[in-house]
Amino acid sequence: MVTCSAPTNTVHQTLSKWQNITVLLKQQKLTISALCPYSSQLKTTTTVACSRSFQEDRIWLNGKEEDITQPRLQSCLREIRRLARKRRSDGEADVDTAGLSHKVHICSVNNFPTAAGLASSAAGYACLVYTLSRVMGVEGELSEVSRQGSGSACRSMYGGFVQWIMGQQGDGKDSLAQQVEPETHWPELRVLVLVVSAERKPVGSTSGMQTSVETSSLLKHRADSVVPARMKEMIEAVHKRDFTAFAELTMKDSNQFHATCLDTYPPIFYLNDVSRRVINLVHRYNRHYRETKVAYTFDAGPNAVIYTLQQNVEEFVQVVKHLFPPETNGGQFLKGLPVAPTTLSEELKQAIGMEPMVKGISYIISTKAGPGPRVVEDPSEHLLGSDGLPKESA
């Protein structure tokens, strides 16, 4: 039995979100990359057990048993087993040959909203593939395997800032993730996730991507005319730790992604009124200081991911609390890394000039770039019991 955790790539920097399906894009002759920093507080934890006593493969997600025959799940399971058999046939001594014929039980839990535009599928499939690889003795490049479950999952196989290289081969074998910088590269960079809604999004990412590829001319324009230059600019901004360039590219790309959603037919609406208020807030906050101190990005959902530097975190969190007062004064409104309270100046309040909206934001997750998948060594953290079934806490 092995337990691992993997980060979510909540922040899809540059090159937008719809370009996560390699097959669709290769059919459209698009060449896309993506860059993401990974969160240390938002993660998936997965336990995999393998036993001769198991009658069939089974999987539980967030306490509920799911359909193990789902095609993307089967693709990952099939490929990991193929790689394990290949290692055995190559005569590698550390492969557990007996376990290759056994069924597996999988239990996975997200500590953040699932299917709500926070890349839960990316973290989930990355963690699944990494944990299966540890159980079956598979080593080497795994991002191509994880991409068979979720395109974004290839980026969750590494920590820090990660680029997804689309590749040129027709079978997608060279469509891999590559770390641009480790999680230690930019220690001052902070991430605030403003959870507007934990509900499942009405249009799933996969079906949305399919429709956009088929109907949006703006998507092709982005790939041909916007993405290549923007990608170079974003990588340079990360290398140089240039927050102004990083932030402005992030916001422009988020805006264009959602313009692509509107250009899709029928149009797709992921942002809501609270999302648009957050966008307005960020621009007013930056205008007050006459510099770009905060940036937003939105994936396929209404939840905002905010970037800023450490010295701005306390004030901006207080601004969010002021404009989106929590229902209660409990500590659950702010999760993750601690943020000390502070006092806002009247000048700043007047400059923002927005009326408070109670219950607009459910809670804030304070985090930063984190590492890639890792094995959880403490056996008490296993999500499955000795009988191969989920523990009550899972």
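Cβ coordinates come from backbone N, Cα and C, glycine included.
Taken verbatim from TrEMBL:
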DOMAIN    40-177  domain 'Diphosphomevalonate decarboxylase-like N-terminal'
DOMAIN    191-376  domain 'Mvd1 C-terminal'
REGION    370-394  region 'Disordered'
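Packing against the region 'Disordered' (370-394) from elsewhere in the chain are residues 1-7, 38-41, 43, 45-47, 49, 51, 53-54, 60, 63, 105, 107-109, 126-127, 130-131, 134, 156-160, 183: each is 6 or more residues past its ends and has a CB under 8 Å from a CB in it. Residue counts for the region 'Disordered' (370-394) by DSSP state, with H, G and I taken as helix and E and B as strand, are 3 helix, 4 strand, 18 coil.
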